[in-house]
Structures are given as structure tokens and as C-alpha cells.
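Trainee: Dropping the structure in here first, questions after.
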Amino acid sequence: MGGVCSFRGRGSQVNAGSILDRVISQASDEDQCLLYRLANYKKGGELIESYNQGGQFEVEKLIREQFGVLMYADGKGQVINRAEYLRWKFRDLEQVVLPIEASLSQFDPLAQWNDHEACWQMQYRGSLGETLLHVLIICDTRIHTRVARILLKCFPRLAIDVVEGEEYLGASALHLAIAYNNNELVQDLVEAGAIISQRAIGSFFLPRDQQRTNPAKNTDYEGLAYLGEYPLAWAACCANESVYNLLLDSGADPDEQDSFGNMILHMVVVCDKLDMFGYALRHPKLPARNGIVNAAGLTPLTLACQLGRAEVFREMLELSAREFWRYSNITCSAYPLNALDTLLPDGRTNWNSALFIILNGTKEEHLDMLDGGIIQRLLEEKWKTFARLQFLKRLIILAFHLTSLSLAVYLRPSNTDAQLLKWPEEITEVARTIAECITVLGVLSYILVQLGGEIINIGLLSFMKQLSHEPAKLIFLISNLLILACIPCRLAGNRHAEDAILIVAVPGSWFLLMFFAGAVRLTGPFVTMVYSMITGDMLTFGIIYMVVLFGFCQSFYFLYKGFPGVKSSLYSSYHSTWMALFQITLGDYNYTDLSYTTYPNLSKMVFAIFMVLVPILLLNMLIAMMGNTYAHVIEQSEKEWVKQWAKIVVSLERAVSQKDAQNYLQEYSIKLGPGDDPNNPAAEQRGVLIIKSKSKTKAKQRKGAVANWKRVGKVTINELKKRGLTGEELRRIMWGRASFSTPVRVSPKGVEPQVSVVTAGFGDALTTALDVMTFAHDLDLSTATEGIPTNIDAKQSKPKSATKETKSTVNNQQNVTTNIEPLKSTTENVDDQANNPREKKVTSQAATVHEMNLKNANHSSVTEDFQDPLLELVIASENTNDPETLLEIAKRAAAGFETETSSKINLQILEQFTMTKISMDEKVNVTRKQYFVESSDNDFGDT
């Protein structure tokens with residue numbers, strides 16, 4: 001079917017052709033226009049019926065004689081404007097109100113209309129704005145492909161037509177042929193003049209979050225058919241190297257960017273095509289340029305980080321490495337840091353760096369990117385260069401600050417009426433005052449010096465962005481601000497307000513130790529668990545719990561309302577009732593209190609319902625959710641610790657000035673070369689040096705490559721011998737388009753099925769009919785192969801007939817024959833050449849060259865001589881079960897044998913095929929046709 005395109009990782013793959021087939025066909029079932037009478041998405045139509053009845057020449061005659069009126073200028077094409085589009089769009093309406101420009105949707109073709117050339121008239125297009133050629137390609141059968149090539153041969157300008165509808169706007173026949181992996185039709189379209197730079201910009205070809213009325217500001221590029229708009233990008237996303245090469249040779253540009261700024265390398269990252277990335281980056285003729293930034297400011301490397309493409313990310317790093325030396329399997333390489341590191345060469349922060357994106361990612365693939373490899377080595381270099389010293393220094397300062405804060409709290413007087421502003425007289429008051437002064441100075445130095453320096457270095461907006469990802473640092477900052485808020489309360493003499501503020505500020509100050517605990521391998525995973533449970537499990541539980549709690553709070557409040565003695569209970573007010581239910585949730589309740597209400601029985605029933613919903617159901621759900629979080633984090637504890645440690649390293653890096661950061665960068669990296677702009681220090685190329693071992697040495701890799709080539713050569717030679725082909729014939733089949741149909745790759749099976757000599761190559765319907773006849777009439781088909789050229793006979797006779805043809809070509813080059821000689825004569829010629837191997841080698845080489853020249857000059861006559869009289873019957877059996885049609889074709893096959901070759905076919909065999917009596921007395925019109933088995937690129941020649 002179509003090319004396989006992956007959009008959600010390597011484990012999930014989507015067939016682009018099947019998607020187009022399914023979605024487009026659903027949009028046109030009820031349309032009764034002329035186009036769908038010729039060919040429809042149900043794989044029927046008058047054009048297909050004409051092909052089944054009269055073959056390709058009948059279809060070609062029909063197309064040439066009658067289809068010209070359906071096109072502009074009789075197939076030459078013309079430029080169409082908005083009026084043509086509007087006439088097609090409102091073809092079913094009697095009165096039309098034309099929309100104004102401002103009211104058009106962003107997907108409306110008129111909103112981005114440009115007059116362009118077209119061939120198929122708009123009034124004869126389908127409901128989606130497609131042409132007949134588009135329908136034939138989407139149906140994707142052998143017959144539809146043959147008819148499409150006939151149509152394209154008769155009217156080459158059809159290659160420029162695109163779908164004009166809103167959903168599939170801009171999709172050309174070239175796009176569809178690539179999606180369905182129809183390589184031969186792709187080459188025909190390119191040769192016919194298809195537009196290589198045509199863009200498919202319909203809403204169906206956009207990412208899913210961009211198909212809404214209000215598209216997302218930052219897209220994730222996920223979608224069923226977002227393949228990059230250009231045909232070259234489609235070929236890359238479908239991993240079709242042959243079409244990719246063809247389009248490059250035809251003038252396609254791999255660095256051309258689509259509406260989102262994505263070029264070829266971006267698109268293979270989006271579709272997760274690992275092999276295609278290396279192929280496009282190191283293409284021998286026109287390699288794609290790495291490092292291009294898309295509209296979101298992402299390079300292919302950073303885009304791979306954002307989408308979590310771990311394998312592509314590693315491959316990109318290896319492809320960008322510069323190897324300095326190698327000893328056995330030990331290599332020394334440098335990896336560029338410009339898109340990888342959080343620091344630019346001039347010391348500024350690179351917020352779109354791969355490391356930042358990985359640390360902010362939430363997928364498991366982001367953890368895999370941190371585990372080992374280049375990223376971890378980069379973090380280790382940062383840690384050794386400056387982060388470790390900064391970490392220890394800040395930890396010591398925090399310990400001193402918490403000590404002074406603790407002394408200031410512990411030494412506060414127990415008497416709430418004591419004056420704290422008076423001059424201290426006792427030693428405890430002196431110590432408290434000194435501790436309070438040290439605490440305030442520490443808070444001021446932290447806010448003004450440390451945080452102020454960070455704001456100056458990275459900017460206020462970047463500082464706020466950083467705080468959103470560091471909860472411990474944010475809580476510590478709030479606590480310091482609360483401590484400063486105690487100063488006005490002290491001066492105003494408001495002891496109660498000061499105590500309340502201090503009670504909140506003290507635990508928040510200690511919470512910063514969680515930041516440092518994350519850098520320790522022992523406690524790092526548990527810090528991650530706490531954050532995950534608070535932001536995930538507790539948040540989900542809290543929302544549901546609040547809904548239930550507020551609902552039952554009103555019930556209990558009104559149950560106790562008006563009862564004597566309620567003022568002395570927890571249900572005296574609405575707020576105290578809420579706290580009472582919270583205590584009941586934790587199991588702290590007195591069952592006898594339920595009797596002291598106006599409605600005791602009703603109170604007990606409501607209490608039972610509350611106990612079932614909250615303590616039994618919700619609390620156990622919370623425990624289960626936390627258990628899952630714990631199991632998930634502890635399973636990847638090493639990776640989680642690396643992520644937490646990396647966040648600390650990057651956070652410490654933000655506190656360093658730009659000049660110091662530049663010096664640190666030059667310490668842990670090396671210069672790889674100047675940038676694109678010599679006057680811009682940020683463009684300088686720097687890299688991190690890594691020495692590592694590989695699984696294989698260069699010698700083993702070279703030896704393995706040679707062994708693989710030898711193995712491929714042996715397998716190829718054996719397969720050529722089995723099929724009776726030469727290497728030149730195989731090359732023509734692969735590159736010369738010797739077949740109409742798209743090549744079908746069949747996966748090798750473990751056990752080759754047993755195939756009958758007679759029925760080998762026949763269709764399922766004909767094979768079943770032969771089996772029924774054999775059982776019903778007690779026929780022996782083992783003796784019925786006389787006169788029938790079976791597949792096995794063809795394999796045996798083909799090399800021998802080719803040898804005969806080669807010898808006769810050398811003896812008399814002006815008399816070339818391709819008739820099949822009797823087996824005896826062929827065997828004698830083979831024996832003669834076997835006795836003289838040198839003469840055979842020279843003769844065969846000269847004959848092969850001359851034979852290929854003759855085939856290129858007049859290939860149609862050669863293919864006619866090799867026409868198999870029973871081939872039409874075999875192919876027809878695959879497409880129809882109508883006995884009358886099979887009978888008529890059998891008669892033509894018998895007549896063809898009688899007129900074309902001296903070998904006589906046994907009419908009994910044909911009668912057994914159709915189970916009817918065939919009379920050869922009546923005149924039968926023999927129609928010669930070319931089918932996909934023996935067809936070539938010259939089959940459409942004049943005959």
C-alpha cells in the first residue's frame with residue numbers, strides 16, 4: 001500500500017496510503033458527478049470496465065478520443081483563477097453569496113489563493129477537488145495503476161493538477177504516488193513535468209493541534225498525515241530512498257522549509273525515521289544541511305529532544321561527532337555543543353538547547369537521553385569545572401542561615417507580652433538578637449546579591465521561568481520575603497502578626513534542603529517521588545476530596561443545627577464542621593455524638609455513606625496511586641537521580657555571571673572551528689571531548705561489511721539463477737521500469753509451499769476451478785501440461801531460448817528473432833557453447849550488448865514476440881469469476897496459439913478451464929494485449 005510513516009515513536013507506525021484511502025473515500029460515496037462514473041473509490045467505474053473488456057489499447061483509444069473535452073485546451077492546460085474555483089465550489093447551488101476576504105477561515109483555499117495552471121477542468125472534478133488521475137492513484141490496484149499510466153501518457157499535463165478542496169488542498173498526483181509507494185508512477189509523473197516544489201497544505205496535512213479553529217501556539221507536530229508539505233519531505237517520511245534520489249536529481253531542495261519552518265531533517269525526526277536521517281544528512285549528491293532552525297527556534301537535534309526521539313537523538317550526535325584518533329575499539333571524538341549545551345560560546349544562556357528541553361520533558365524517552373552517553377558526560381564536565389564548588393559553598397551558607405534562624409526561634413521569650421525591641425540584658429536575649437540580625441543579613445544577601453545577580457545575568461522573565469521549574473527554590477524565596485515582613489510587625493509592636501508570619505516562614509526555609517538532597521544518589525529518587533506525588537496524585541485526590549467534603553459539610557451542619565448543646569461541639573459553625581469531617585476522614589470521630597442531633601437515624605445514614613466514599617474509597621485510591629508512582633520512580637531511580645542532579649547543575653549555572661560562564665565553557669570544551677559569522681562570538685563552534693570504547697573496531701566493521709556484500713552477492717546470484725534472469729535484466733526491472741505495476745516485496749517464508757506444475761501462477765479463482773474439475777471428472781493434470789507454458793517450463797526454457805537468441809545474434813546481427821525454439825534445438829546450442837567456454841563468454845558479452853541496444857530501439861516488437869497466449873486467461877482469472885468472460889478469453893488464447901506459434905495447444909485443456917465445449921469453427925477475433933508481467937516503459941509506444 002502506501003509508505004509506512006511513523007508518527008508516535010518507532011513502536012507505532014501508520015500507513016500513509018491507507019489513511020488517505022480511508023479518509024478520502026469516505027468523503028465521496030454519495031457524489032454522482034461524471035468523474036465518479038469514470039472511476040470511483042470503490043474501485044469500479046466505466047473506465048475500469050472498459051479495461052477489463054478491451055485491455056489497455058481499448059482504454060488508450062477511449063482516452064485519446066473522448067477525454068480531451070474534459071480538460072483545458074484539449075489537455076494542454078491553462079491558468080485558473082478564483083472564478084473557476086467558485087464555480088466548482090458552489091456548483092450545486094442556484095444562488096450564491098460570495099464570502100468576503102475577512103470572513104474566510106484560515107483553511108479556505110481562497111484565503112491563500114494564487115492563480116495557477118491546471119489541466120483537468122474544475123467543473124468535472126470530484127467533491128474534494130480531485131481529478132481522475134488522483135482517483136486512480138488512490139485506488140492503488142494493478143489495473144488502476146496501468147490506467148493511470150495510460151492516462152498520463154496520453155495527457156502528460158495532468159501531472160501538474162492538484163487537489164483544490166479545503167481538506168486536501170495542494171496534494172498533487174506526485175504526493176499521492178509517494179504515499180502509496182508507487183515508484184514507477186512517481187518517475188512517470190516527474191518525466192511528465194510534475195511540480196517538484198508543490199506544497200500539500202490542506203487541513204488534513206496539518207498537525208492535529210493546528211486543525212482546530214484556534215490552533216495551538218506551540219505545536220507538537222503530531223498528526224496522521226503531516227509529512228512536510230513538499231514531495232521530497234513525503235519521500236523522506238515514507239523512507240523511500242529511490243524516490244528521494246529521483247526528486248533530488250530533478251531539482252528538489254532538501255533545505256526547503258514548510259509553513260512551520262521544518263526541512264527534511266526536521267521531518268524525519270517528526271516521523272522518527274532513524275535510517276533516513278543519516279541518509280539525508282550524508283547524501284552523496286546533495287546532503288541536507290544540519291542546524292537549520294524552524295519557526296519554533298528548534299534545530300533537528302533540539303526537535304528530537306522535544307519529541308522524545310531518543311534513538312534519533314543518539315544517531316544525530318554520532319553523525320555530528322569529529323573523530324580525532326582511534327586505537328582498536330577506543331575512539332577519541334568531539335561532539336559539537338552549540339545546540340546541545342545550555343551555554344552559548346559567549347556565555348549567554350541558550351534556552352532552546354537540547355539539555356534544557358530534555359530536563360523539562362516528561363516522557364520516559366527523555367530519561368533515556370540522560371542515561372549515559374554525551375549528555376551525562378557533559379554534565380560531569382560541568383560538575384567538575386564549577387558546579388561542585390558552587391554546590392558545597394551554597395550548602396554551607398544555607399546551613400549557617402538555618403542555624404541562626406533556629407537560634408532566633410528557640411530563644412524567643414515564652415511570654416507573649418514581652419517587649420522584643422528593648423535593649424537585651426540577659427545572655428539569651430543577646431544571643432537571640434545576634435541570631436536575628438544574622439538571619440536578616442543572610443536573607444538580604446540572598447535576595448539582593450544572589451537572586452539579583454541571577455536576574456541581571458539571565459533577565460527577569462528567564463528568572464521567573466526558571467523558578468517555575470524549581471519548587472524548593474521558590475518556597476525558600478517566599479519564606480525569606482515573609483521573614484523580611486516580620487520587621488514591620490516588630491517595629492509596630494504587633495507580636496501576634498509577627499509570630500503568625502514566622503510560623504509559616506520557618507518550615508519553608510528548611511524546605512530548600514530538598515534541593516540539595518536531590519543531588520545525592522541516596523535521596524535523589526525520593527525527592528522526585530515527593531514532587532511527583534504532590535503535583536500528580538495529591539492534586540487529583542484533592543480535587544475529588546474537596547467536592548465530596550463540601551457536599552457532606554453542608555449536610556452535617558444542618559443535621560446538628562438547632563440541637564441543644566451544638567455550640568460546644570465541632571458542628572457549631574460551617575468552618576468547624578469542615579474540620580470535623582476532615583478528622584472523620586482520618587478516623588478520629590465519636591459515634592455517640594451522632595445521637596445528639598435532631599434526626600439521629602438520618603445522621604447515622606449520612607455518616608455511613610460518607611465513610612464508604614471517603615475513608616474506604618478515596619483514601620485507598622490515593623494509596624494505590626502513590627504506590628504506582630513509587631514503583632515507577634524506583635524502577636528508574638538511577639535515571640531519575642541523574643535528571644534531578646542535572647537540574648541542580650543547570651540551576652547553579654544560572655547564578656554564574658556571563659563572563660565566568662564563558663570561562664567555564666572554555667575549560668570543559670574545545671574549539672572546533674570558527675562559526676558562520678567571524679564577528680559573532682556566539683557562532684563559534686565548540687565541542688566536548690569524549691574518549692569511549694565501541695563494540696567493534698574499524699577492521700571488524702570493514703570485515704563485516706565485506707562479508708555482508710559477499711552474502712548479498714551469493715543470494716542475488718542464486719535468485720537470478722532460479723528465475724532465469726541476468727543481472728542486466730534485473731537492473732532494467734529495478735531501474736528501467738520494466739513493469740507497469742508497483743513492485744511488491746514479498747517477505748521470505750520459512751517453508752516454501754508446494755505449488756502445482758499446472759496451476760503455478762494462476763489466480764485463486766482459476767486454481768479452485770481446476771481443483772474442482774480434477775475431483776469431479778477424475779482428471780490427471782500431471783499429463784495435461786503439454787501445450788501449456790507453465791511457470792516451471794518458463795524458468796527452464798527462458799535461459800535456453802536466450803542462449804539461442806544470443807548465438808543467432810552474433811552470427812547474423814541483422815536477423816534478430818525471439819521466437820521460442822524447440823527444446824531439442826535449444827539443448828544442442830547449449831551443449832555447443834558449453835564445449836567452448838571462451839567462445840561462449842565472448843559471444844554472450846557481445847550478444848548481450850547488441851541485444852540491449854536492439855531492445856532499447858524497438859522494445860515493443862520484442863515484448864510482442866514473448867507474449868504468452870495463456871497469460872491473458874491467467875490474469876483475467878484473478879479479476880473475474882464470470883464463466884462467459886473466461887470462455888471468450890480461452891477462445892482467443894486458443895486462436896492465438898494457432899496463429900502465432902507452431903506448438904499446438906490441446907483444446908481439451910481449455911475446455912477443462914471453462915468446463916464448456918469450445919468450437920474453433922467459428923471465427924474468433926484475437927486481441928493482443930500487454931500485461932504487467934512482461935510490460936516495459938516502451939509498452940505505450942505506437943503499435
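Placed from the backbone N, Cα and C atoms, the Cβ positions cover glycine too.
Automatic, uncurated: that is what TrEMBL annotation is.
Remember, predicted model here, so these are calculated numbers, not experimental data.
If you look up TrEMBL, you'll see 455-637 marked as domain 'Ion transport'. Residues or ranges marked as region 'Disordered' in TrEMBL: 790-811. Per TrEMBL, repeat 'ANK' is recorded for 169-201, 227-259. TrEMBL lists 391-411, 474-493, 500-519, 539-560, 605-627 with the feature transmembrane segment.
For each feature listed, report its degree of burial, its nearest neighbours and the pertinent distances within the displayed model.
Mentor: Taken together, the residues in the repeat 'ANK' (169-201) have a mean pLDDT of 89 on the 0 to 100 scale.
Long-range Cβ contacts of the transmembrane segment (474-493) within its own chain (Cβ-Cβ under 8 Å, at least 6 residues beyond either end) map to 405, 420-421, 439-440, 443-444, 446-447, 451, 467-468, 501-502, 504-509, 511-512, 515.
Within the same chain, residues 566, 569, 571-574, 577-578, 580-582, 585, 596-599, 602-603, 606, 610, 613-614, 618, 621-622, 625 sit at least 6 positions outside the transmembrane segment (539-560) and bring their C-beta atoms closer than 8 Å to a C-beta of that stretch.
Cβ atoms under 8 Å from those of the transmembrane segment (605-627) belong to residues 533, 536-538, 540-541, 544-545, 548-549, 552, 555-556, 559, 581, 584-585, 587, 594 of the same chain, restricted to positions at least 6 beyond its ends.
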Trainee: How many helix, strand and coil residues does the repeat 'ANK' (227-259) contain under DSSP?
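Mentor: Per-class counts: 16 helix, 0 strand, 17 coil.
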